[in-house]
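Chemist: The structure is given below, and queries will be raised subsequently.
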């Protein structure tokens, strides 16, 4: 037996030796290959451990996942082991990584700003700024602006192999510093000082290729998936130095006879080779960032459902982690992420920085203590100065030396951000025998320079970096990461993929074009079309013109699609992903098939059905012409989009381009009627070439060869061309096609240049008061000043603001409690979940929730994502728009009634939605005016508003513009406080707050929570949802409602001193881990109640709570609170709203007036556009009104009216859509708060347009009427003004109406576009009413533009009895007779026309108001 066992063992050993020998032979064979081949092959083991030789580029997705699982199996816990293996491999052959040391010396960044009301974007300020900017550019004036110092001569060193944390309160200069170091500062800032990488100036290297700046803004293409986004970024950036490093590593390992780890070898080769469709590095980065679960999900936007905001933030980081940059500047990358995810990402950055000797600076808002401990160095900034730069573990010693100590239970990062703040500093003063005096940032910076760490830093900066130690691969001197031909291929594949993803848009455009073609076919039906007279020819000419306008207009969709993508393109450009032409060339080439399909469809549907010349060659020629026109159109509107760069501006530019091209195209106004000073415009109009080419192609054909008669030998076609001043040579067809193709090339070149050299429009600056600017300068310079006693009292005590304790306010309120029992909430199961096998019809989101909120008690509502925190708050506040609610809610013992509850409660939404063009004080006055009782006079309202501003610390910002979130105006933290203030001025008894500290830095969160505590101390009832709060924030609450995933309650009760009650409760449960000393109770609570812990312990925390004494006590409390006291009275109000409908309307109109006045991108651009159009059309149509000798001259006058109405109207409608969309979104919050009814808001939006449209129509009518020399009588001018006014008005109301009936302005613009085409077709200009087929005449009367043209022409010419020569050149009739016989216009119908244009205004405005009232596109 022993012998057999011995034999078995020897066989086993021999088998093992054979395997090892086989592996050695396999590696030996691999090592014998040439280096080029060797680094492209590796040994891969499958799931059972069977080795095989593979091509690195041929790894399948399943093999990649298996490899990653083996390499980084425990990435969630600690990636250190993986990086240690990487480092060990390089150390084994003594191969060093390229290191980069970044230095900045005396870095000064300054800007020039306007102060106070001069900074508000009003129309006068907008005009003055434009004029000043123009004069400044030509060095005529400097302009009166105030200097604002952003970075104040700072110096420092960022060393490789050390992870650096950048901290500082808002507006301290963190982002500016990171942008400056990355070489990405805007040209509008004045910069001085020196920045070097390894001793080399930024001008000597390509900084964006050497370093990478991760922006706060998450700009991505919505239609791409997460994986596609990362793959594209990785392929564009290339592999950098990694390929050369791999070659050297392979060479040294071969010489040393080292056999590398198989899996690591494949991974590193994949990393260095790049160019693969799905590279391992992308899979690895997705795994590290937690994006592997949504890898194939679209990024999405407001139109496309996609990944969450936190996932987008991680994707922004991942885009640059897949690249080869050795220096990373990461700006607030944790926004929207929970602390565990942030900790995981920072841990990865720490180990990669240490192992690969990278240079990394990361700016974070609220790093948890665990995350803070991962950093090696800290840079602390305040007011543009560096307060401290050095090792993390020495920073507290520095502040201790100045008399400021961090409390034991305080997060160090929070302490650092607060200790430099004037309002927070006092609480950290720790020298009892010395009175506290405020130490401004300037003094801290001065003290640091005298501190040993500061002296050491200064000494290092004195010695220049020795360039001999610069690794040859460290700094990038090439513009792009891969060859330009490869970048072109990458872009081609990317845009081809985007076209597939956007297939719906292209199909929708095609269907839209097909429908319009079918309508056109039935309007210009060959059975009603003849070839007998010049008037017949005019109808054919009109059909050709309409076809070309439709094809031209079809390219307009490029404007919104391009403008939406521009931020991403600018980001790619600035990061040197690819040259601009590598994007524009594929976009041009890929548009060719769509042009072919759409042009072919139009020609195929309309050519023979309309009755054009039957010769097939002419059919093909029309197709070629329309294809060339479509290509030119796409190029033209890409130019307009890249030049406009903002949706409203680009749309206006696009409309203007259409106007110029169409007006000077030779159809609206004939060539011989265009004044000599505008004839150059005719020759450069692309539509002119298309018009002439299409005309000769048709009218020199067989159908038009009969003699025109009237003493001429010319054919009918030739006579028509001469009559309309069109060219008559056959060669003009080829001139037209060549010109259109030439314009296509020109426009695409201009598009490329604009994309390469233009930058996004600058943001509106926040409003800075003179006092604020002066105080900022004092702090910066370190001037000493003592905090006044009142201010000290107000802000001392950090979060627990003592000043407002038991303090009364101007307006009294009634303290109320809110109790609720057995709250259940159900929603219908989505179809997607049903398809996954869920059988129930309803999904329960809240399960028997019972609790109470009391006056003077601050309650926290806490739970993991998906626990139902916001859902519970929405249910209690009555904000849910769908689902089924069960349970009882009582207000101080009385059943809750939503009509009255909205009057005594406030709801602070997480989104911070406000009207962007109001100032802070105006927003508060508006809320107070509509929500306070009607018997409170305006003086008391103002006093109360100012009291609330003081309470929430907004007094210094009272004149600041609110702006749009993430775009301009107030910072995130300031917007949070404004949201709270807007609800507080309603004098509510109960306030709900949804995530009031999300997205804020520690200091800002402390300010907000201090605000909340101040409000509670006035005796109000407040409940806040909160997500993983810091110790300070968590322990500022009095009570806690803690929910677990699934909508069940697991704790409801007091927190206690230092959370002792909470800790006592959970530690009493058997098996729950005890809290560690100094640990955050909120984080501990979430950890020990996680679903994994429930599974480990085999318990249900919800069941434990339901059986606890605490739950029983809560039920008893709710039993008491659910019954009114003897003296209590139920709250009742005589009306639903505090103000009458008229008062609501006046208040809404007041707000809209301010909003319009301060929105120059909407209002001023409209006026500017109107002035330009009136001057342009006035000079083109010079004295047209007095020329009435021929039918063509009358047609020219009609053309000028048609062009103005259509283009000013469509521009107004398009521009109004985004404005109304934003205001409607704000109104959802305001109406839910019971501020006003839908109708006063809607009619205020309607009425505010009256003066602006009146100004527009007066500007246009006065200028154009005078220049065109229409009959100068008061009656005729007033009729002209009347029709222009109401025509522009109904277009504007139509744009507003389409927005009101659709979810957003993008959908509205899609819905509106076909109607513009139909209004154009049936306006009576291209085909007179009498020539419209009988089956379509009803639509002529339903067309507002037709009534406008009717009214304008009849009011000017309907009573004119002078003779006019007809198009045959012989016969004459009176002007009014011509209008009646040819156009079908009668002077008797002038009054009807006037009534109809007014009726359309009324109709569109009423539909708008009804839609605002009836439709709610906000889903809660």
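Every residue gets a Cβ built from N, Cα and C, even glycine.
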Chemist: For the transmembrane segment entry in Swiss-Prot, name the matching range from 1139-1159, 1202-1222.
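Modeler: Based on what Swiss-Prot states, transmembrane segment spans 1202-1222.
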Chemist: Can you find at least 3 Cβ pairs under 8 Å between the transmembrane segment (735-755) and the transmembrane segment (1392-1412), where each pair is 6 or more residues apart in sequence?
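Modeler: As far as Cβ distances go (cut-off 8 Å, pairs 6 or more apart), the transmembrane segment (735-755) and the transmembrane segment (1392-1412) do not touch.
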Chemist: Using a threshold of three or more Cβ pairs below 8 Å, and leaving out pairs closer than 6 in sequence, do the transmembrane segment (623-643) and the transmembrane segment (1277-1297) count as in contact?
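Modeler: With fewer than 3 qualifying Cβ pairs, these stretches do not touch.
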Chemist: Can you tell me how many other Cβ atoms are located within 10 Å of the Cβ belonging to residue 867 (ATP 2 binding site)?
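Modeler: Taking all protein chains shown, residue 867 (ATP 2 binding site) has 23 Cβ neighbours within 10 Å.
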Chemist: I need to check the long-range neighbours of the transmembrane segment (1162-1182): which residues 6 or more away from its ends have a CB within less than 8 Å of a CB in the stretch?
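Modeler: For the transmembrane segment (1162-1182), the far contacts come to 123, 126-127, 648-649, 652, 655-656, 659-660, 663-664, 669, 674-675, 677-678, 681, 1156, 1196-1197, 1200, 1203-1204, 1207-1208, 1211-1212, 1215-1216, 1219, 1252, 1255-1256, 1259-1260, 1262-1264, 1266-1269.
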Chemist: So which one is it: of the binding-site residues 863, 866, 868, which has the fewest other Cβ atoms within 10 Å?
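Modeler: Result for the binding-site residues 863, 866, 868: minimum number of other Cβ atoms within 10 Å at 866.
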Chemist: For the ATP 2 site given as 863, 864, 865, 866, 867, 868, 869, 870, which other residues of the same chain have their Cβ within 8 Å of the site's Cβ centre?
Modeler: 871, 1043, 1045, 1047
Chemist: Counting other CB atoms within 10 A of each CB, which of the binding-site residues 865, 870 comes out lowest?
Modeler: 865
Chemist: Any contact between the transmembrane segment (674-694) and the transmembrane segment (623-643)? By contact I mean 3+ C-beta pairs closer than 8 Å, pairs at least 6 apart along the chain.
Modeler: yes
Chemist: Below 8 angstroms Cβ to Cβ, which residues of this chain, lying six or more residues outside the transmembrane segment (1392-1412), approach it?
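Modeler: That would be 1224, 1227, 1238-1239, 1241-1243, 1245-1246, 1282-1283, 1286-1287, 1289-1290, 1293-1294, 1296-1297, 1300-1301, 1344, 1347-1348, 1350-1351, 1354.
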Chemist: Taking only same-chain residues 6+ apart in sequence, whose CB is under 8 Å from that of residue 864 (ATP 2 binding site), what do you get?
Modeler: 1044, 1045, 1086, 1090
